[in-house]
Amino acid sequence: MKTLVLLSALVLLAFQVQADPIQNTDEETKTEEQPGEEDQAVSVSFGDPEGSSLQEESLRDLVCYCRKRGCKRREHMNGTCRKGHLLYMLCCR
């Protein structure tokens with residue numbers, strides 16, 4: 001079931017990326033990334049509250065961010081997240 005949800009989220013992300021044209025304006029390239037809107041920490045929980053084999057120490061230390069433009073170095077895309085009507089990439093390390 002989790003695999004189906006993850007695959008459908010990836011398909012939706014692919015459609016979203018293809019639907020939105022990439023706009024590279026001078027304003028976007030000159031401004032530095034500012035924390036806040038782009039870098040939002042997300043709490044990630046795996047398994048049930050009583051605990052499961054998925055809740056190992058390495059998974060509890062997982063830190064994820066919702067990012068607009070893609071994952072940073074040492075992060076990998078782990079799905080998508082939504083804020084309002086906008087869809088972001090869920091980048092975890």
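Cβ from N, Cα, C; glycine included.
When Swiss-Prot is consulted, the disulfide partner of C91, picked from C71, C81, turns out to be C71.
Per Swiss-Prot, the cysteine from C64, C66 that shares a disulfide bond with C81 is C66. The disulfide-bonded residues recorded for this entry are C71, C81, C91, and the Cα of C91 lies nearest to that of C64 (disulfide bond).
For the disulfide-bonded residues given as C64, C66, C81, C92, the lowest number of other CB atoms within 10 Å of the residue's CB is seen at C92.
Comparing CA positions across the disulfide-bonded residues C71, C91, C92, the one lying closest to C81 (disulfide bond) turns out to be C91.
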